[in-house]
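For reference, the structure is listed below as structure tokens.
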Amino acid sequence: MAQAAAVAKPPPPPRRRRASAAPRRLPYLLIAPAALLMLGFIAYPVISVFYYSLQNYNPTKPWRNGFAGTENFVQIFTKDPQFWDTLTFSAKWVFVEVGLQLLFGLALALIVNQTFVGRALGRALVFSPWAVSGVLTSAIWVLLYNSQTGITRYLADMGIGSYGTSWLSDTSTVFPAAIVADLWRGVPFFAILILADLQSVSKDLYEAAEVDGASRLKQFWHITLPHLKDAIVLSTLLRAVWEFNNVDLLYTLTGGGPAGETTTLPLYIANTSVDAHNFGYASALTTVAFVILLFCSIVYLRLSKFGGEQK
Amino acid sequence: MITEIAPAPDRVASEPARPRRKRRAWDEVPRWHIYLPLSLYLLFTLVPFYWILLFALRPAGSTSLVPWPMTFDHFDKVWNERAFATFFQNSVLVGIATLVMTTLVALAGGYALARFDFRVKKAFMLALLCTQFVPGALLLVPLFEIFAKLQMINSLGSVIIAETVFQLPLSMILISGFIRNVPASLEEAAWVDGCNRFTAFRIVVLPLLRPGLIAVGSFAFVHAWNHFLFALMFLSDQGKQTIPVGLNTLMSADSVDLGALAAGGIIAAVPVVIVFAFIQKWLITGFSAGAVKG
């Protein structure tokens, strides 16, 4: 991402336009609306989260409000098993989701990158869940997992699974059930991005490899994969952050249940702030989540040597 | 969907679809290597869609696997009794307002980033990237307090602003990439011909940005249309709510009316499906065109 800042247009254009003073102020005027919006509605909330994290702040218990120092953080790390449970679940959720989405997305992109009859239609259909919202995904899978009339009932007719319980209300099936629902919507994201990147692999490389007698598997391994590497690193990272933060699907699909089995850290935070009104504690949890995310992202970018080869 | 950043191959936004070249090596892929996995995956993709259509169109209580006899009672019910007509209007308003605001603000900022060197540019770019790690969901409480102070709780404006703000950074990064792909010399030539900066931008650059702007605008619309939490938190009045909130209400009822839920889901899906069909061909090129390219 350093390249983004370092881009100064290739050959510096002749600066003959310096005559008027306007261009000097112009860039600031142009970014002003965006900067103001982001300051007011992202930066300020973030700062207030940091501030509240050091406070006891609960509108329903005003007599306890006040400076708390590190009290909230001590509580999180030493006395809150739910924090560790939800953090573990979040990690598991992100890891499994992103891993499977990448795997299927890559396979799918490679397939629809071939030339075959019906490709345009195939692409459109395969990508279509991408546009579907988390809530709608939940609605669809609630219908599918419904115990009376869902697809699980028909599967039970065929001897797969059992009658009577929804996969979403059984602690042993809820994780895979939720994973599949989110995969349905998440795989197209990777497929689209990887397919876009595949468009720019030089065909000459394949032709040269062909001449040298390299097998398709070898071509994939030595040409396609290295080419895709940066795209894969970046999209998995962004997707991981997104999967970690996103609460739409689990909130509406399982509500974090049954028995808190599918509560992610952000869901726990939302419950703490919205239901329990414990804003101070929720802010401290948010701060911890930020730090964890940032740390993991930096480690991930370092380990994967992102953008290493080109520069 | 805030976090969708595309890889950055070197292509110009306006480049027409490249002529299909023969790819000998890959053309030898046996057909069933394509069709078999593709069909299996399509099954996984399409069965859920079929299922929701089925529930929306067959009479309540039916267990038939084909939507016959067909009924539109469920649609009638959600649209009129469950206020989806109102939700739909609100969602359209939020979606379009977010699209317009995001595109305009991001276009201005993106142009500045692409064409100028200025003092805070690096810091600003860094801030844009950092926002990708800031989860909107975790800022609900402070955002709520801000909108309460602005007296915007229960007004669609709060949701529009919130959606725009979280859509902006990525849109701006994408658009500045698209603009950078348009050679600056084109603009300079227009200046020489007597255009001012704005006119030159409007007649020379803007037409070339079309595919990219369509992609960015559609993301903003689809994202605002789909997003749920801000609307849930900031709009308590039923007459102000949006479709995702309406769907959630249907789902969290004590006994879920599956037919109504399915019909509501279809209503939620129609606009995004139309947008999707419309932008499909721009999706791949739009993404591969600009993206985070430096």
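Keep in mind that glycine also has a Cβ here, set from the backbone N, Cα and C atoms.
Please treat TrEMBL annotations as automatic predictions, because they have not gone through curation.
Annotated features in TrEMBL:
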- B:32-57: transmembrane segment (TRANSMEM)
- B:88-279: domain 'ABC transmembrane type-1' (DOMAIN)
- B:92-114: transmembrane segment (TRANSMEM)
- B:126-144: transmembrane segment (TRANSMEM)
- B:156-179: transmembrane segment (TRANSMEM)
- B:200-225: transmembrane segment (TRANSMEM)
- B:258-279: transmembrane segment (TRANSMEM)
Do any residues, 6 or more residues outside the transmembrane segment (B:32-57), come within under 8 Å Cβ-to-Cβ of it, and if so which ones?
65-67, 70-72, 74-75, 258-259, 261-263, 265-266, 269
Which residues, given as numbers and ranges, are at least 6 beyond the ends of the transmembrane segment (B:258-279) yet have a Cβ under 8 Å from it?
52-56, 58-60, 73-75, 77-79, 82, 84, 88, 91-92, 95, 214-215, 218, 221-222, 225-226, 243-244, 246-247, 250-251, 286
Quick check: do the transmembrane segment (B:126-144) and the transmembrane segment (B:92-114) share at least 3 Cβ pairs under 8 Å, counting only pairs 6+ apart in sequence?
no
